[in-house]
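Colleague: TrEMBL lists A:Met55, A:Gly203 with the feature substrate binding site. What TrEMBL lists as ATP binding site is A:Arg130, A:Ser176.
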Amino acid sequence: MSERLSIDPAHLTEASGALLEHLRATSPLVHCITNSVVTNFTANALLALGAAPAMVDIVGEAGLFAGAANGMLVNLGTPNPEQRDAAREAAPAAHGAGTPWVLDPVAVGALPIRTALARELLEFRPTAIRGNASEVLALAGAGAGGRGVDASDETDAAGAAAARLADGFGSTVAVSGPVDLVTDGVRCVRIANGDALLTRVTGGGCALGAVTAAFLAAARATDAGLDDLGATAAATLVYTVAAELAAAGADGPGSFAVAFLDALASVDANDLAARARVEVGTLAVQAAGATGAAR
Amino acid sequence: MSERLSIDPAHLTEASGALLEHLRATSPLVHCITNSVVTNFTANALLALGAAPAMVDIVGEAGLFAGAANGMLVNLGTPNPEQRDAAREAAPAAHGAGTPWVLDPVAVGALPIRTALARELLEFRPTAIRGNASEVLALAGAGAGGRGVDASDETDAAGAAAARLADGFGSTVAVSGPVDLVTDGVRCVRIANGDALLTRVTGGGCALGAVTAAFLAAARATDAGLDDLGATAAATLVYTVAAELAAAGADGPGSFAVAFLDALASVDANDLAARARVEVGTLAVQAAGATGAAR
Amino acid sequence: MSERLSIDPAHLTEASGALLEHLRATSPLVHCITNSVVTNFTANALLALGAAPAMVDIVGEAGLFAGAANGMLVNLGTPNPEQRDAAREAAPAAHGAGTPWVLDPVAVGALPIRTALARELLEFRPTAIRGNASEVLALAGAGAGGRGVDASDETDAAGAAAARLADGFGSTVAVSGPVDLVTDGVRCVRIANGDALLTRVTGGGCALGAVTAAFLAAARATDAGLDDLGATAAATLVYTVAAELAAAGADGPGSFAVAFLDALASVDANDLAARARVEVGTLAVQAAGATGAAR
């Protein structure tokens, strides 16, 4: 714990912009095993951002690819039997090869097969776990789960559950909500950017899991000064600021989704500097009140 | 039959607007087992409208979820073996729990596996059946089926087949076409709204099945005065009026699809009142000529 | 070889426009077995163009449908076991029925299961093979394959491999890249149209495979004077000119994808005449220098 990098909002915001540039320059290959509803949007979000997506979700290929990719996502939204076995192949392969990987436990708690699978995959120590409050609570063993992909628990209530997961599996945990929370069990980043329209587009959360894998990959290939917590927070910051840019000119969820892909391609360090609403602290300090805030 | 609600175009149009507001206020959870081509568009259509989509199409979860959801869709567009078994689990669960559910028999008649499955699922008495004329004819045992998702029979020709299905399985049957026809075997609503661009976007018909499930769910949770026939007609009316709003500013099928999602989020009772082209009668009266017409 | 139609850039461009009109008038039914990431975009591209898509990818239906469709695509992007068996059913059925079909060997060379399947399917002599340089090299037995759907070999380097495939299996081979190359092993068409934004949208290459199947189907039903090489080149020309039209007003990859669908619906012979950048020659002549060029 004592070796964790200290972090402050201004530094995080600046380093996020640098990491975004590095990501675009190197185009990390992001392996996705994700649900059938959002494959297209997820691939387009990665392409817009500057990463290279590859959806490889069959047995006999997923493990090979997880070892070769720069980052990986396992999203449990529609886990048919082939995908489940592909995930069982890919997670240990990523873990063994040191490929950073993200687990998105969609609807865990509400539905039994994915809940069991998510617990099984935790053993391969996902670099990051991204979900809404219900899912994080359910994955940590508390809460009854949501009614699908909606969040019915408050983000804050999930802080303790997130810390438990982080401690137990060495993961960074990102809890999506009106204010996003990212923690490694000790340090905690809150990001108040974003727009409600992101919840009116399917894959608004799921694609962030893939983007997080891209940022984790980029951070490991540079010296931008962001560890896994920082890279996960950077992904959330870039993603939610892009959502704000997109919402500004949108007439509804359809035009928002289009503008969001455009914004992922154009968002830059200046946008982050102008818009970031980031707080940094420890979970204990957070519980007691705010700490530093950039804007 | 004698207890069926009477209905007239003006009342239907007004009640459709009220039901739409209720739907947005309560955000019914709509369980979809649908084809791989349109999952994304379907989920986005439901989100835009104000409903909460969840695609749960694996064995071991589909049955559980069908019992808990507010409405359900089974669309047979790409029925792989896992989806077929999930549908076999979900249809009796929905039927048993009283969850209103919609069967969309895509390409039934033209292709054997889905044809057999559709007949099997009919035993669980779908609340509504939505298809084009070819599919409705084929499902009722007449006609040779279309060449896929196209309609090669006229909507009118399917009226008798629709009535047969309605009588046989207690379903409301909606036949899509230039003029949409909705019947419970006795009463018949014709809706002449819509735009040809809706046929140039994949999922233009399929998403209506999901939207119908959302309206059926909403109608059962309110006293807006619409039974299943009315709720199914309301879904068609709202959907096709939204298509008209979208077409007004579209440059082609790509921009139309985007504007359509925006329109699903914005369409309201005033739009319905201004644009509804609805006729109501009985199937027999319909065959002889028009009855009441709102605009 | 001596019976191959001669072809020149001006004629190819003019005949492509005529074939496009014929395609729109007859709306060929295009059977697609394609990957889960791009099904929606592919279907929408075909609909926008004026063709009729049908995604039929299950065992027991795929073979039947391949015999009845006007054209077929097998894309190996996410080849789950059911799709693999469906492809094994559909390819011989298309071959036996004379249905023109396109093989898109996505990521062949990089991943083992699809590589083996692609080699197996070659025996059923695809009418056209469409891939990037890496994939064409790998399918022909040279090169190590790319890192997914990216092209890491130059299009030119793939010329010899393309010719080998063309000779071995009687196929027209289309290699996508900044300059697209289409060859039947002797004659060679190069098309320098397109826009880099097409590589920032998932399915930008995959949908061209489906569009190629539509043009092959249209060419066989008319006397527009284009054989398989000509029809494949026409598909590429129409597709890449539409990309240029779309890019003109796009703000990024999201708005480009929308405008591209609009452009597929509006592109016509005049656009082709104004923008075509086509060279025609033989592979040997091409290697030595340019031949005729239209603009």
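Cβ atoms are placed via backbone N, Cα and C, with glycine included.
Please go over these features one by one and say how buried each is and what sits next to it.
Modeller: A C-beta separation below 8 Å, combined with a sequence spacing of at least six in one chain, links A:Gly203 (substrate binding site) to A:Val37, A:Val38, A:Phe41, A:Thr42, A:Ala45.
A 10 Å cutoff on Cβ-Cβ distances gives A:Arg130 (ATP binding site) a total of 33 other Cβ atoms nearby, all chains included.
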Colleague: To the nearest Å, how far is the Cα of A:Met55 (substrate binding site) from the Cα of A:Ser176 (ATP binding site)?
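Modeller: Computed Cα spacing between A:Met55 (substrate binding site) and A:Ser176 (ATP binding site) is 24 Å.
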Colleague: Would you mind pulling the DSSP three-state label for A:Arg130 (ATP binding site)?
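Modeller: It is in a strand.
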Colleague: Of A:Met55, A:Arg130, A:Ser176, A:Gly203, listed here as binding-site residues, which sit with their C-beta under 8 angstroms from a C-beta of chain C?
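Modeller: From A:Met55, A:Arg130, A:Ser176, A:Gly203, the ones near chain C are A:Met55.
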Colleague: How many neighbouring Cβ atoms, not counting its own, are there within 10 Å of the Cβ of A:Met55 (substrate binding site)?
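Modeller: Excluding its own Cβ, the number within 10 Å is 27.
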